[in-house]
């Protein structure tokens, strides 16, 4: 007697593993599509770093980036079109670990730790707390890949400034950071990184539910793809605004070389 397909599916047998894999696949596609925006964001965040301005005449005389579009066009003109995806491999690693870990953690917290109310309703405050905790755990696990991504995104800028490139590839970057900074070096910038993740998840979940409920109750829109799209746009905007300050701080910290004790090199600070 054959087992029904729906009872023998991957999602039925390994629900956590399937959600992790599906989240990772979705994150990979999204990362490939949006990575040029992430690269321009990192370049804009780095250009005000005081340490870079002290590294020599080439750094002081380099033209500053002005705006997202000009930054992207400048990268294409000075470094080449494909450089818009420099560092995409560790970014994919990061999103697979972060998105998968966050989803599995959130589902576990929602179903096992918090649970629904007696009326089968999952209140907003539980969603916010669960989302923040899941974001913190996922981001902490993904911090080494985020660190490599940020440093590789700056390699093109270093080349234009006449500085030696630090890495030959993703695996060389991991090995070099581990050799120079030890295990602690892989978690450089983790404090603002998890703060950013908590703020982003809080703003994302809270705004999404609030906007969706408002649209359904106060406009002719129904609970359909248009409503979900508008809610997602609003939640993404609020999440970005809340998370950007911590994102700038973690990017600056991650771009600094460290010694085996995890301390920033004095030559960068002086």
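Using N, Cα and C of the backbone, Cβ positions are placed for all residues, glycine too.
Residues or ranges marked as repeat 'Solcar' in TrEMBL: 18-112, 122-214.
Using DSSP to sort the residues of the repeat 'Solcar' (122-214) gives these counts of helix, strand and coil: 78 helix, 0 strand, 15 coil.
Per DSSP, the secondary structure of the repeat 'Solcar' (18-112) breaks down as 80 helix, 0 strand, 15 coil.
For the repeat 'Solcar' (122-214), the model's pLDDT averages out at 85.
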